[in-house]
C-alpha cells in the first residue's frame, strides 16, 4: 500500500460513523453496525454500540447492542434505550436492524438468528410495489416510532422503556392498568452491562395507584397513592432548568409525564445500577452529567424505615423518624440510638365502638397495604372504617379531573399495621389527610380528649385581661429595657397572664421530652411537637442554664399574651413549675420561611403569589406591632427564620424574646448589648446600639429582597461579585435591572409590576438614614394598592461586621442572638 492510500485509510478511520440519509429506516435498507440514524433535529442517534466505562473500554467488550443515545450536544455517549438487552450480538457477527413488510423491527446477526423484534401483530400492510410502506422514524424526543403507511403509530420505544424516563414519555399510574401493559424502568445490571438489573421503578401492580422503586421483589421506596391532582411537582434545577411533572387523566388512561422549560439542558430521570432513581442534567461547562435529585434522598425515606406506626418527618432539615400521634416507640432505647425498625406501639389499646374515634393528620403520605374502595363519599368512607373494628385508618380523595368524565373517588382503608408513612413538606398536592383510629376519642370528631383536663385556651383570645394600665406602665422602661423585669423564678401563671399547664401533663405529651418528638433546637432550648387537647402544638422548653433564656422567656410569655393578630404566632399556654420555663405555641406545619426559601428542592413551593402574600402578611404583622396594637413594640430580630408558615403558607411572625415596648412618645432607645442577627440589623443599631420601629423596617426590607431573589442576605461566596444581597440589589436597581432580581424559579408565576414594586419598597425600607425609611402604614398601603408613585430610594445602609463566613456560622448554629458589646453609646 502506498503512502497516500495509507493516509486516506487513516482519515476514514478517524471520521465519525456514516449516518443514514435521514431520520428513518425503510424496507430493504437495514441499519448495520458502524452506521447510525440521527433524529431530524440532531438530538438523538440510533445505532449499535458496545458499552464502555473507564474500567472497561470498548475494545475489551465484544458485545453489541442496538440503542438510542444523545447525539450532538452530549459528546459523552449516554444511552437512554436498549433493544436487545437480553440477547447481545458480537462484533464478529455483523448484526443488522431491519424493517419488515409486517411493520416489525428486527435485530438479527449475520447467521439470521433473531435477537430482538417488536412483535407487532395483526397489522395489514399493502404489498404492492406502488403502495406506501411502513417506516421507522427516530424523533427528536428520543422516541423510535414505527408508522403504518396511513400515518398511525404501530409501535414506539417510549412504550417499552429501558432505564431512562425522558420528557414526553408516559408512565401509567392508572387504576385498573391492563395486564402486561405496565411500564417499568429497569436499571442496567452494571454500568457497562445493559442487561436488566435488579432495580426497577414501576407502578404498583396490585393497586396501580402508587409507584415503587424495587430491588427485585423488595420495595426500596414508594411514592404515595395518587390524590387526583393534575400537577405532581415542579422542580427547579438551576436558573435555566425547570422540570414540570404532571399526572394526566383521559378517558382511556392516567399517566405520569414531565416536560422541561424552553432552552433547558438535556435532562432525564434514570434508575441507576446502584439502585437510585435520579434526575440528571447535562452540564456543558463541566462536560458531565449533574445529579439534580436522587431518591431515596434520606435513609428515613427508604421503604418501611420507621417501622410500623412510625413516619418519616420530611419537615425537618434532616428528616428523621417519629411516631404517629397516639403512639410511642416500641423500644425507646433503640429509638434514641436511631434504630427505628421496631416502630411504634399504641399508648392506649383500641376499644372498638366504646370511645374510639379518628384523629386527622393532614399533609401525610398515606401508608402502604391499603384496601381500595371506589366511589364513596367522605362520610361513606368514614362509615366503612368506623363500622369495622379491625379498620385502623382511612383516607379519602376525589380522583376526578376536568378531563375525566363522571365522579371518581378513592377511599383507602387499613386493617393492619400502618407502614411507610411520611409527613410531607409544604402544601404538597400528593399528600393525604390520614384519619387514624385512636382510643379515648369522641367517635367521628377529629380531636383527642384530654385525660388531664389541660386548661389551654386554644384558638381563642386569652380570657385573662391585663391588670391595669398602672401595672403595665410599671413594666415599661422609657429606655426600652426588658419587659417585666420583676419576674423571677417561681412566677405564677397570673403574672404571665396565660393559661397554666401542669409540667407533668407536658411531660406526658412529649413522652418525657423524648428526642423522637423534638422538632427544633435554638439558642435557649429545644422545641417539641406534641398533641394536647386534640391539637398539635409546639412546646418550647428553655434550658435551665441559659441566663439570656430567662429574659427571652419573660418577654415572650408576657408580651405575646397581649397581642392577637393573624400574622403573629399564637401563644397557647405556659408552665413555670419547678424552675421550668415552658411556652406552648400553635404548631405550624411548614415551619420557618428560611427552611423552604433557601432549599433548592423545596423553594418551588413558594411561587410568586405565595411570596407576595408572605410579604404583605409580614407587613401587616409589623404594622400591628408598631401602630395598631395597644402597645408599641419593636421586634428587633425580624428575619426569615422567625417567620413561620402555616398549612396554607400564611406567615406568622415569631420569637419575641428580643422585643421591646416603647411608650407613646418614645421615638428610639439605645442599648450597650446589641442582639439580633447580622445582615438583618439596621446599621444604626448594629454600630451604635440605637433602635426604633425603623430598625424593624430595615429588617423587613432585607426580608423582602430575600423573598424576591431567593438569595440569602449574605453567603460564604460573593453574590454576583457583590459582598452581600443589599449591595447587589442596590447596584442592579441603579442600572435599571430591577426585573432581573427575580428568583429564576418564580419567573413563570410572577407579575413583573409586583416584583418591581417589592424591590423598590425593599430599598426604601433599607435606606441608611432611619428618617428616610417609610412607616409600616405606608408600606402596607403601597403593597395592598400596588402603588407605582414611590420616591426614589437613597443609598442603603450596610456595615462591616467581619466576613460573611462568620455571619453564616452564627446563623447555622441556630443561635438567633449575636452579641456585640459597645465601648461607648451615643443617642441619635
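Every residue gets a Cβ built from N, Cα and C, even glycine.
Where the annotation comes from TrEMBL, it is an automatic prediction and has not been curated.
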(message) I'm validating the feature mapping. Which of 758-785, 786-813 is tagged region 'Disordered' in TrEMBL?
(response) 786-813
(message) What does the DSSP secondary structure composition of the domain 'Apple' (352-439) look like, as residue counts for helix, strand and coil?
(response) 9 helix, 37 strand, 42 coil
(request) With H, G and I counted as helix, E and B as strand and the rest as coil, say where DSSP puts residue 540 (ATP binding site). (result) strand
(message) If I take every residue in the domain 'Bulb-type lectin' (22-159) and average their pLDDT values, what number comes out?
(response) 88
